[in-house]
Amino acid sequence: DTKTNSNAGGTKEEKSELEDKIVVYSPHGKDILSKFETQFEEKYSIDVEWLDMGSQEILDRVRSEKTNPQADVWWGAPSTNFNQAKDDGLLAAYQPTYSDSLDEGFHDPEWYWTGTSQTPEVIMYNSKELSKGEVPKDWDELLDPKWKDEIIIRYPLASGTMRTIFSSMIYRTYKDTNDPQEGYDWLTKLDQNTKEYSANPEMMYNKVAKGEGSLSVWAMPDVVMLKENKNYPFEFVIPESGTPVLTEGIAIVEGAKHPKAAEAFYEFVNSPEAAKILAEEFYRIPTRSDVTDLPEWITETDIKTMDIDWDVFQEKGDEWMKYWDENIKSGDKEIKE
Amino acid sequence: MASIKIENVQKAFGKTIAIDHLNLEIKDGEFFTFLGPSGCGKTTTLRMIAGFYYPTKGVVRFGDKDMTRVPPEKRNTGMVFQNYALFPHMTVFENVAFGLRVRKVSSSDLKGKVLDALRKVRLENYSDRQVSQLSGGQQQRVALARALVIEPEILLLDEPLSNLDAKLRDEMRAEILRLQRDYKITTIYVTHDQAEALSMSDRIAVFNFGVCHQVGTPAEIYNQPANDFVASFIGEINLLSVQVKSVQQENIVVTLENGEEPVKLIVHNHTNEGELIQQNEKNLAVSIRPEAIRILDTVEKGTNILKGKIESVQFFGSVVNVMVDVHNVLLRVDVLNTHEFGYFYQGKEVYVQLPEKQLRLIPVISGDAP
Amino acid sequence: MASIKIENVQKAFGKTIAIDHLNLEIKDGEFFTFLGPSGCGKTTTLRMIAGFYYPTKGVVRFGDKDMTRVPPEKRNTGMVFQNYALFPHMTVFENVAFGLRVRKVSSSDLKGKVLDALRKVRLENYSDRQVSQLSGGQQQRVALARALVIEPEILLLDEPLSNLDAKLRDEMRAEILRLQRDYKITTIYVTHDQAEALSMSDRIAVFNFGVCHQVGTPAEIYNQPANDFVASFIGEINLLSVQVKSVQQENIVVTLENGEEPVKLIVHNHTNEGELIQQNEKNLAVSIRPEAIRILDTVEKGTNILKGKIESVQFFGSVVNVMVDVHNVLLRVDVLNTHEFGYFYQGKEVYVQLPEKQLRLIPVISGDAP
Amino acid sequence: MIKNRDTRLTIWLLIPVVLVLVAYVLYPSLRTFFESLQKDGSISFGNYQDFFVQESKTNLEALWNSVYISILSVLASALIGIPLAIIFNRYDFPGRSFFSTAAILPIVLPSLVGVMAFMFLYGESGLIPNAIKDLFGLDKVPFKIGGVSGILIVHAYTMYVYFYMTVSAAINKIDPSLEEAAYNLGANKFKVFWKVTFPLLTPAIVAASLLVFMISMASFSAPFLLAGGYRVLSLQIYFSKINGDMEIAATQSVILSIVSISFLLFMRWYQNRKDYRMASKGIGAHRSEVKNPLMKWVMVVTGIIGVLILLLPHFTILLLSLVPDGTWTFQTYPTVFNVENYRLLFEDPNIFKPLRNSLLMAVIATLANLVFGVIASYVLVKRKFIGKSFIDILVMIPWALPATVIGMNLIFAFNEPSVFSFGQILVGTFWILPLAYFVRHIPLVVRSTNAVLEQLDDSIEEAARNLGAKWFYTFRKVILPIIMPGVLSGTLLAFIESVGEFPTSVLLYTISNRPISIEIMNQLRMFNMGQAAAYGMIQITLIVIVLFISNKFFGIKAEKAL
Ligand SMILES: Nc1ncnc2c1ncn2[C@@H]1O[C@H](COP(=O)(O)OP(=O)(O)OP(=O)(O)O)[C@@H](O)[C@H]1O
Ligand SMILES: Nc1ncnc2c1ncn2[C@@H]1O[C@H](COP(=O)(O)OP(=O)(O)OP(=O)(O)O)[C@@H](O)[C@H]1O
Ligand SMILES: [Mg+2]
Ligand SMILES: [Mg+2]
């Protein structure tokens with residue numbers, strides 16, 4: 001059913017040049033990966049091997065394997081991660097056939113990566129504990145003392161999502177003042193309302209679901225997925241003032257052992273059909289402008305994108321997070337509980 | 001100090017009966033020895049006195065007090081274990097002080113007492129040593145000091161010398177005796193070494209298979225053994241199966257059962273021989289110690305002189321052991337090493353005399369009678 | 001079978017010299033014993049013969065072959081270790097078969113030989129047992145069988161009986177002797193028990209501090225000790241410091257140094273006494289064995305009869321040990337237990353006779369001279 | 001000549017031992033150390049300076065937290081392990097042998113799932129607190145674990161086993177006459193315990209403390225999942241590495257290693273200060289029969305309750321594995337039970353691959369451990385050579401190094417070709433994980449082998465040689481068979497730990513060797529709690545089967561390994 005895709009290079013002649021195996025590193029998890037593995041293998045009879053782990057871990061791993069790359073494709077990570085990898089010379093440039101259908105912000109200027117989906121960050125809440133009317137409508141409302149000990153946050157240092165949210169909060173004022181202090185103050189107040197920093201997302205979900213806390217901030221597709229697929233009592237609010245929208249992308253690893261097959265996979269997973277499957281089954285909002293018939297939750301939702309210079313994020317992000325970690329996060333948080 | 005009374009005591013472990021109907025009285029200040037082969041119940045009895053085992057039946061008294069179920073820490077006995085059981089993590093001083101500390105003796109008194117005890121066992125210069133740095137003999141003396149310093153009423157010693165070599169044993173034996181006499185303490189000594197038992201004890205109890213066979217002074221035990229087990233366990237002995245022919249006022253006439261033509265022996269009628277015969281004891285033997293037999297070069301006048309031939313000669317230092325074949329019975333004869341070397345030799349024809357006073361008629365209780 | 005020659009051997013561990021200038025010759029088929037106190041170098045010498053140590057200097061020969069540096073597995077000696085060193089994971093049979101398997105003996109031969117060896121040590125019914133299921137004495141016999149089955153030229157036994165109790169020891173001693181005579185194998189036996197050494201050996205070497213003091217037959221060692229160390233290590237002895245007054249053909253006259261007016265003693269002039277005096281040995285003593293002294297009730301005619309008083313009496317079973325104070329010198333006298341009980345008692349006045357032939361003049365080498 | 005021959009043999013045996021230790025223990029550690037000296041392209045101690053003078057003191061805080069948690073873990077584990085060991089080895093009561101075996105069950109609990117099980121059991125929304133709350137109609141849950149208390153409880157639960165095992169062994173070796181002597185001198189039960197029994201257990205307690213301290217210093221899963229933002233050094237290393245700050249990670253590793261090694265040396269010194277060797281011959285312990293029936297029932301009940309508590313996490317995992325995903329989200333108690341998770345797992349054609357990988361790698365690593373352990377231990381115990389204590393310390397180092405550091409070391413050493421990897425790059429290949437498992441378990445196997453070899457009388461070997469056997473024959477036919485049971489119990493423990501190994505796996509696994517623990521972690525990451533638990537159950541079953549078979553058919557007891 002994907003035969004209509006003429007760009008993917010699925011013709012017989014090309015196929016003969018492809019390597020017989022491809023290695024994918026991806027944080028997308030078993031469900032997505034197995035699905036695309038089967039489909040891709042059906043189409044090309046190329047053996048797909050994948051390793052799923054956190055995006056930050058992928059960066060680390062690709063870095064340690066620099067002298068002896070194991071992966072061909074890196075699928076899924078915020079663009080900031082890709083930019084870092086690009087700077088470290090870990091990626092190979094590739095301009096896909098669908099390059100025309102990508103907006104400016106959805107690809108690297110030199111085509112070291114391209115975006116596959118966009119991830120808006122949202123305020124998420126437990127719909128059993130809170131009604132739609134009560135919940136904060138914007139970031140600043142989270143600081144209201146009435147939410148004290150109601151907020152559970154995923155420990156941000158190891159999480160791309162949380163880093164993005166926290167960095168955006170600083171960036172909102174930083175872009176005018178060139179001073180992160182105001183943002184730090186904001187985060188300090190958030191810290192005062194925060195009940196706990198969870199070591200990993202599952203823990204955070206579990207705690208919010210069971211009502212240990214009722215609010216969190218997280219990525220929209222995940223919230224939808226939990227609600228729809230896993231029966232979690234979750235709902236979300238898109239902050240009125242605007243929210244950072246992460247671009248998740250794909251890239252080919254520099255020195256990949258199976259470059260041709262990698263390109264085939266690269267094309268394959270961002271074909272309109274694939275994008276549609278991802279949107280419908282896995283709640284990912286496509287980057288391509290030429291995907292039609294998207295589900296309602298995408299078309300109905302009005303997202304106000306925060307205007308962000310991702311280069312500043314990349315440049316300052318580590319420093320800000322380090323500052324937060326060392327100076328803002330109250331040390332007794334975990335002991336207190 | 002105290003006397004100990006063991007009344008009708010039985011001790012069973014599951015189905016094995018380790019001690020059966022034991023009655024003993026140990027007098028105040030006495031040096032009393034339990035003697036017997038391995039597994040005969042010596043340790044069990046000692047541990048009942050110390051309180052580590054409770055008798056299955058019967059009563060243990062110290063003086064008149066019933067102690068049967070008093071826990072060990074309340075008995076005020078001092079025990080020296082076979083392996084000394086010194087506390088390896090303490091110094092010599094601390095080991096000896098342990099019992100005093102438990103008794104909350106004030107620290108000034110304590111020091112004096114401990115050093116005094118160490119002086120008594122001649123270890124005053126070793127008080128700061130770790131016990132592992134002591135030789136076996138020194139360790140044993142620490143164990144003794146530790147037991148004595150609490151001034152126990154009763155001192156219990158479980159084969160304290162069995163790990164030592166011969167020289168050290170001799171020394172320690174003297175040491176223990178000296179200390180016991182000094183402290184005048186009621187002492188029970190467990191051993192399976194008969195020489196040790198004979199040389200040290202006031203009285204001895206001889207055990208076998210949980211039964212006490214004889215209680216008496218060393219000389220009584222040695223010279224008037226109650227039966228063939230006691231006789232052969234205590235030193236070497238010649239046991240001759242005999243049949244009683246006639247009983248007279250002074251003497252008893254018996255014949256040797258040796259398959260040949262019967263040989264007549266005259267046995268002095270000690271007090272208990274008559275009783276034995278009256279009790280119609282079937283299994284009787286005549287016993288004589290190897291050192292009591294005289295070897296003669298020529299036939300002399302006298303009773304019980306028999307002709308024989310030397311089978312083998314073994315040299316043991318002070319004693320020479322001569323085996324003499326007399327009418328197909330092998331007699332062991334011990335003579336002092338006062339003759340010239342080569343005086344006795346294999347094949348030499350000699351006469352042996354079995355003095356009638358040294359011959360004793362005793363009951364045979366063991367299955368493999370001689 | 002082979003003779004063993006140890007020529008000028010020295011063995012040092014770091015700075016301690018365990019064996020110094022040792023010369024020994026052990027004859028073919030001989031039962032030779034190393035005797036000496038703990039730490040004197042017996043084991044070290046034995047291990048040099050077995051090949052576990054190499055001499056620092058000197059040569060070890062079997063027959064005429066220099067074996068000094070031949071590895072243990074090529075020496076064809078059979079060793080019985082003090083702790084038996086049986087292989088715990090093998091049955092009795094496999095233990096004994098081990099040496100034969102190493103030698104690649106065909107399995108039919110092997111079975112015969114092993115069973116034969118087990119029969120010799122009377123364990124034919126135990127061949128399938130695990131060694132842990134055997135008693136100490138049985139284990140020792142397995143160790144013996146294991147050493148004998150390879151038909152070694154030399155059998156080495158390192159205190160094989162020191163772990164056993166007295167009764168078992170006696171049995172095992174007889175067993176070892178019997179087997180040694182059967183196999184007619186050159187045997188070296190290490191012990192610190194003098195009674196064992198005297199009763200078993202053809203010849204004995206007495207060691208102290210890495211030096212061999214005397215080599216000789218048991219009787220020679222006992223009756224003609226080379227010096228006071230040998231004399232007092234082998235059995236009990238009375239050593240009296242004396243000064244030589246005059247030397248005659250037959251006799252030597254000495255005086256006892258006891259602080260009082262000098263007491264004259266007459267000593268028979270054995271062969272080596274004269275030499276000693278000629279060599280101008282300063283430290284001399286007169287030795288006499290306790291059993292050689294006679295106790296008399298009244299003064300008799302004869303030489304060396306002295307008046308004394310009984311200090312103490314100790315009963316050892318066959319022997320009674322009487323300590324007699326003679327002119328302030330304490331003499332130990334052993335008499336056989338043939339008198340009635342109570343014949344000797346503390347404080348009794350007696351006469352002692354020191355037979356002149358039994359008195360020996362010997363050099364004193366130890367620091368603490370008597 | 002024979003002297004030379006023996007020396008030569010020693011050298012031949014020593015060469016492989018030294019090579020392995022240098023290549024896979026010393027060299028990687030030095031590489032890490034070298035890495036830590038690099039700052040801004042030049043070599044200096046700058047990173048260490050940063051570590052200590054850093055304004056915010058986060059590193060110092062992490063260091064302090066690690067030490068603090070480790071010390072508390074030692075105390076908590078000791079408080080559970082020592083009394084249990086004493087009860088089960090000193091008193092005879094019905095069911096004693098069952099309880100004493102059950103007491104080692106925590107070692108079969110996979111670390112990751114184990115921690116999750118604890119959360120589900122004792123967390124704020126956990127089963128136990130809520131059950132109590134509902135039972136007594138409370139407003140709030142009466143207690144909950146999390147953060148430091150959570151880490152501590154998990155540590156105490158998983159690590160008391162080390163105290164239990166070492167103290168059990170030691171208590172059985174105490175000569176009962178020592179205690180009797182104390183009673184005889186008038187001491188009561190309390191005095192006897194504190195003045196005699198307890199001091200004599202010192203070596204065992206020291207050894208266990210050492211082990212627990214080092215394991216908690218290195219502990220990864222518990223703080224990773226439980227601690228939120230609580231900083232411990234082993235996590236800092238992981239985060240530094242994830243952040244790409246390799247030099248910082250190396251510096252932190254070196255400092256963590258230094259703390260652990262200092263503790264090791266301190267404990268060794270402490271233990272050697274006094275003499276605890278008992279002079280006596282081996283008289284077996286006799287358990288006092290509990291005479292007082294009340295006492296007996298108290299013991300039995302304590303035993304049963306204890307074992308139930310010990311087994312609760314296992315049951316929780318079983319429970320979780322039976323609850324389909326998405327049916328236990330906001331509900332206090334699960335309501336739906338079926339085997340859906342297992343069905344999902346077994347539908348995946350690749351399900352057995354991680355299992356196979358884990359088993360295969362554990363077998364490879366453990367075999368290597370066995371061979372290396374026996375040779376190294378033989379050389380260390382039975383041969384004399386110069387530099388023995390150095391080798392001894394090298395052998396112990398993998399214990400002093402946290403698993404994360406071992407992973408780091410291996411990465412630094414083998415992500416470029418080196419002579420020790422035969423010119424290959426090992427990182428990213430199958431072999432790196434078996435190598436890591438091997439390195440981690442060197443001390444375990446060598447130590448347990450040392451214990452048996454030390455008991456093996458030299459004269460056994462001499463007897464064999466005296467009977468004409470050459471060294472190799474002797475080794476094969478006599479020494480090896482005798483020590484094998486002891487060696488195998490250590491090896492079995494190493495095998496079990498390898499099967500569930502997580503901290504080094506997470507740093508080093510690749511596609512070709514992904515082990516069970518990583519699979520479980522990935523299931524967790526995709527919030528498939530149920531399938532993760534099902535996987536956990538499979539792992540537990542696997543380990544229990546291995547334990548059972550080795551015990552039943554070969555008589556090897558893992559609990560005797562220490
Ligand atoms: N705790 C116990 N449980 C079962 N049986 C025991 C126990 N203690 C001793 N026995 C048995 O009781 C009998 C007597 O043992 P005991 O220890 O008193 O012997 P012993 O005379 O001291 O021997 P030894 O000279 O070998 O020390 C033996 O048969 C022994 O096996
Ligand atoms: N391997 C060794 N290293 C250092 N010194 C040793 C060694 N073996 C023995 N010695 C020393 O050599 C001396 C002789 O020891 P050896 O073992 O030969 O004594 P022994 O006569 O067999 O004593 P024992 O009767 O106690 O067995 C002792 O002082 C001992 O300490
Ligand atoms: Mg006993
Ligand atoms: Mg020796």
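Think of each number as a place in line: the chain as shown, counted from 1.
The backbone N, Cα and C atoms fix where each Cβ goes, and this holds for glycine too.
From a predicted model like this one, the values you see are computed outputs, not experimental measurements.
Marked as domain 'ABC transmembrane type-1' by TrEMBL: D:63-267, D:355-550. Per TrEMBL, the feature transmembrane segment maps to D:9-27, D:67-86, D:98-123, D:143-163, D:200-228, D:248-270, D:297-323, D:359-381, D:393-414, D:420-439, D:478-496, D:532-550.
Counting C-beta pairs under 8 angstroms (sequence separation of 6 or more), the transmembrane segment (D:200-228) reaches the transmembrane segment (D:393-414) with 3 or more such pairs. The stretch from D:9-27, D:67-86, D:532-550 that makes the most Cβ contacts under 8 Å with the transmembrane segment (D:98-123) is D:532-550. Between the transmembrane segment (D:143-163) and the transmembrane segment (D:248-270) there are fewer than 3 Cβ pairs closer than 8 Å, counting only pairs 6 or more residues apart in sequence, which means the two stretches are not in contact. Outside the transmembrane segment (D:532-550) by six or more residues, the chain places 108-110, 112-114, 116-117, 314, 317-321, 341-342, 345, 355, 358-359, 488, 492, 495-496, 499-500, 516, 519-521, 523-524, 556, 558 with a CB less than 8 A from a CB of the stretch. For the transmembrane segment (D:297-323), the residues of the chain that approach it from at least six positions outside its boundaries are 84, 87-88, 91, 93-96, 98-99, 102-103, 105-106, 108-109, 113-114, 116-118, 120-121, 127-128, 157, 290, 334, 336-339, 341-342, 529-534, 536-537, 540, judged by C-beta separation under 8 angstroms. Through the fold, the transmembrane segment (D:359-381) approaches residues 10, 13-14, 16-17, 20-21, 388, 391-392, 395, 433-438, 441-442, 444-446, 448-450, 453-454, 475, 479-480, 483, 487-488, 490-491, 494-495, 498-499, 513, 515, 542 of its own chain, all at least 6 residues removed from its boundaries and within a Cβ separation under 8 Å. Beyond the transmembrane segment (D:248-270), the same-chain residues lying 6 or more positions past its ends with a Cβ under 8 Å from any Cβ of the stretch are 29, 32-33, 35-36, 47-48, 50-51, 59, 62-63, 66-67, 206-207, 209-210, 213-214, 217-218, 233-234, 236-237, 240-241, 396-397, 399-402, 404-405, 408-409, 412.
Sequence-distant neighbours of the transmembrane segment (D:393-414) (same chain, 6+ residues past either end, Cβ-Cβ under 8 Å): 21-22, 24-29, 31-32, 34-35, 211, 214, 217-220, 233-234, 237-238, 241, 249-250, 253, 256-257, 260-261, 263-264, 376, 380, 420-421, 425-427, 432, 435-436, 439-444, 446, 501, 503-504, 506-508.
A Cβ distance under 8 Å defines the sequence-distant neighbours of the transmembrane segment (D:67-86), meaning residues of its chain 6+ beyond its ends; these are 103, 148, 151-153, 155-156, 159-165, 167-168, 171, 201, 205, 208-209, 212-214, 216-217, 219, 223, 232, 259, 306.
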